[in-house]
Amino acid sequence: MLAKRIIACLDVDDGVVVKGIKFQNHKIVGDIVPLARRYAKEGIDELVFYDITAATKNKLVDRSWIKNVSKVINIPFCVAGGIKSVEDAKKVLSSGADKISINSSALIDPNLITKISERFGVQCVVIGIDSWFDKTKNSYMVQQYTGDISKTYQTSWKTSDWVKKVQEKGAGEIVLNMMNKDGLQKGYDISHLSEIRKICKVPLIASGGAGSVEHFYEALYYSNVDGVLAASVFHKNIVEIKVLKKKLIARGMEIREC
């Protein structure tokens with residue numbers, strides 16, 4: 001059995017790490033490289049960096065900090081932000097990232113997933129999906145350009161249908177960002193995760209809502225996700241990585257020890 005992954009998420013805006021609630025009202029958390037070094041030292045399995053405004057500003061993520069991060073950590077890390085072509089993906093990967101993640105650009109051109117996965121392998125192609133429960137439609141819908149509230153809008157894609165589509169196109173992994181839960185620290189959306197798990201044949205990562213050790217356990221156990229991603233609880237030291245792993249292992253989870 002493959003070990004479940006504990007992943008720290010670092011949202012990047014103008015060269016610093018930020019964090020908001022439900023993808024809004026972001027506040028500065030700290031500098032990129034020191035935080036990356038800290039998490040690697042504390043025993044995190046993987047890091048994910050989202051340049052949250054790169055796509056809306058029509059620019060590629062700044063590669064200088066990617067190179068700097070690669071020099072100070074020895075764990076896998078994924079980078080997202082304005083990747084719109086195979087050449088963009090090449091630039092990010094050649095700067096030191098182990099994986100690239102695309103979101104809005106995949107919604108614009110789903111074939112981009114295929115092009116990148118065929119060039120570099122499915123193992124380094126992650127699809128981020130920003131899912132919001134629309135009460136009027138009584139369905140989870142995919143949101144686009146979520147890095148800028150003034151440009152965010154709801155697509156015509158139901159989350160479940162988009163999950164199927166990106167797998168057909170060559171996604172190697174899916175990060176399901178549950179926007180209704182983001183930053184609230186009240187737990188992951190277990191029901192939504194469990195439904196997506198049924199149709200997701202590639203590694204599935206839960207994102208949005210972690211506030212305690214129990215929340216991580218619930219997502220791993222009840223929804224059988226392959227990894228759990230969090231930001232606020234790690235940034236604010238609400239949950240210590242070493243303690244989290246120790247408690248999950250004690251409850252029978254296959255987790256890499258610190």
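Placement of Cβ uses the backbone N, Cα and C atoms for every residue, glycine included.
Per Swiss-Prot, the features are:
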ACT_SITE  Asp11  active site
ACT_SITE  Asp130  active site
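Just so you know, of the active-site residues Asp11, Asp130, the Cβ with the fewest other Cβ atoms around it within 10 Å is the one at Asp11. Here the CA atom of Asp130 (active site) lies 14 Å from the CA atom of Asp11 (active site).
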